[in-house]
Amino acid sequence: MAIADRHHAAVVQLCEWAEAGWLRWLDVALAQWCVRADPGCDRRLPYVVALLAALEGRGHACLPLQQIDLQLQAWLGDAAADPVAASPLTIGTRAQALVQWRRQLPDDAADWQAVLDSPLVQGYDPLAPDTCDTAADEEAPPLVVHWGGQGTTRQPVRLYLRRYHRYERTVATGLLQRVAPLAEAATAALPASRIAAVLDALFGGTPAAASQTSQTPNWQKVACALALRQRLAVITGGPGTGKTYTVARLLAAVLALAPKPHALRIQLAAPTGKAAARLSESLQQSLHALPPAITALDGVQAALAAIPAARTLHALLGAQQGTRRLRHDAANPLQVDWLVVDEASMVDLQMMAALLAALPPQAHLVLLGDKDQLDSVEAGAVLGDVCAQAEAGRYAPATAAYVAAATREQLPAHWQQADAPPPLAQATVMLRESRRFGGPIGALAAAVRQGDDAAMQGILRALAETPAAEREVFWKEGATLADARRIVSAGAADAGATAADGYAPLMALLARPPRWPGAGAADAAWLAAHDGWVQAVLAALARFRILCATRAGDWGVDGMNALVLQALRAQGVPVRASGWFAGRVVMVVRNDASLGVFNGDVGVALPSAQDRQRLRVYFPQPGAQAGASRSVSVSRLQHVETAFAMTVHKSQGSEFEHVLLCLPAQASPLLTRELLYTGLTRARRHFSYLAPEPGMWQQAMAQRTRRASGLAEQLALQPAAEVAERLR
């Protein structure tokens, strides 16, 4: 179908902006489809549709119509930072583009109503959800507008692509349905006194008098109690606050309180293979430290040992190669009673909707994550929306009374809210005390999380007065690439600095592989030597990583990977600028269940033990046995990228002994407080920061990630009457 003349100018202009890199061609195609489907639509609708699609591509779930100017500025700022833009936006062209775009968009509520008066747009009232048709996507209008207000104040508030509107409703409904306290019969069978006895055994008893005077409850114990009260628990906290420790004790409590522990079906999952491996490894360590009083109970130890290793969410749901279809959904739900999902901040809106749809109604869901980390790569900010007010508590009096009975812990008044307490708050706990993350790294992370520049400057002054050999943090603005090379090759940019590993141990191992035995390649001694070398390489790799805010440029992933290749070449390692070579570190960027590799897995290409001319990528295999690994022929790995350096986003779910964080020379909307916090908290013992220009850290601290979403608002809606009554 041809495009009507009245829309020709709009389509031409959108195509010009796509050629300049400001829009994706996908955004333009959707706008073109809309004007073909409704030739009589308002001339501004194609601009609105293209902007909506572009925002979705940059992580937003919707277009907030009452904040259109802010969204335009943020979107054009993202486009300015996009390294693939054919005509990158300068300050001048960005301002010009802003003016051009603003001319094509509605000005007020009445204007928006006129633009959205189209058969392509369906209305939705959150207070009357049945007003939105539930027809299949291919039969329903492609756009959904949320209405707000009533009577004369009624106006359009947010515009969605239909599928993202469906995802958001699925997540909101799925979470709120699980917040309702368990039925009376279940709570009668599991009184608070029984829960208290088990939690006391797991955490140690709390003297009543001490609990009444303490202003800091044992939040780990509180989290376990709340998770036993309903079918949803959200546990958030920074590194070292004990999220995995807490969930280990929760699972032990669940089994200890169950009449048939062996019959409970428990599953563990995470967004990436790396995060799943870390969850399994950390949980096993925590389970081994459980008190004998619990593990000695009939069937508990065997049930704990039977918990399967964590899987990726894609594997759990049965993702099918090459399609969006999942084996498990509402029609074929998961066979699970308790599901624990770690690194929930990485779970995007679409995946969370799929997970909740596939979860049987009676199953318990436990979400673990750090609400202050970067949001998911794809659209949505689910954990951030869910935990938006976790710091304030906002527990209902009934919740506080239950916590007191089940934990002997008192929730101070400033964490309670008697008037209309949010339903989701009753299932959410923020762990506030880091037991591992102390010292200057922990102090810097706290300052960044709170946006406290004065505190950060105080920490940096104290670091400057610390002897170089004792510093855990190296900080340099006005840095050069020579500084980065020194950290990569020696672990520190300054002579006399603390002996933190860079890639020096890795480069030494790659430069001196074990001697090839020739005809004895099948000999057991050679195979053991080769395996020992592989494990040493993987261990050296796991100690250090370069993290970047951007991909392009000298200080981005591309530049830092090139810098490491130069360092390897200088050490005598034969490397190639592209393609495979022995020693290439790669990250898997697409799930491939047939190979057992998943998005986020990191490995090293090394000669095979059987044939040194054939390269295989060796991946660590946590949870199997000490030093275990698995390997895949390089010829079978199609979707990988070099990963001596990676973006901060890609590093989520990982930790390293030493992290080097590099920021670019130019200001960018990509530089945010959440990016700094995520990069900083990947470091366990040593953190190095390099930026070629001063002030980049402060600029990033002042800039927050703001994703457009209606999820927080939908979660704040009043619960059903019977749920509200139980919250009083």
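Each Cβ is built from the backbone N, Cα and C atoms, and glycine gets one as well.
Taken from TrEMBL as is:
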BINDING   Gly237, Gly238, Pro239, Gly240, Thr241, Gly242, Lys243, Thr244  ATP binding site
DOMAIN    19-121  domain 'RecBCD enzyme subunit RecD N-terminal'
DOMAIN    643-686  domain 'UvrD-like helicase C-terminal'
Residues of the parent chain within Cβ reach of the domain 'UvrD-like helicase C-terminal' (643-686), under 8 Å, 6 or more residues beyond its termini: 74, 77-78, 80-81, 238-239, 270-272, 274-275, 278, 342-343, 345-346, 370, 372-375, 377, 437, 441, 444-445, 448-449, 451, 472-474, 484, 487-488, 491, 498, 500-503, 542-551, 553, 555-557, 560-561, 564-565, 585-587, 600, 602, 692-693, 696-697, 699-705
DSSP helix/strand/coil residue counts for the domain 'UvrD-like helicase C-terminal' (643-686): 12 helix, 14 strand, 18 coil
Sparsest Cβ surroundings (other CB atoms within 10 Å) among the binding-site residues Gly237, Gly240: Gly240
Cβ atoms near Pro239 (ATP binding site) (within 10 Å, other residues, all chains): 19
Other CB atoms, at most 10 A from the CB of Lys243 (ATP binding site): 26
Fewest other Cβ within 10 angstroms of its own Cβ, chosen from the binding-site residues Gly238, Gly242: Gly242
List of residues, in chain order, with Cβ under 8 A from that of Thr244 (ATP binding site) and at least 6 apart: Leu279, Ser282, Leu283, Ser286, Asp342, Leu368
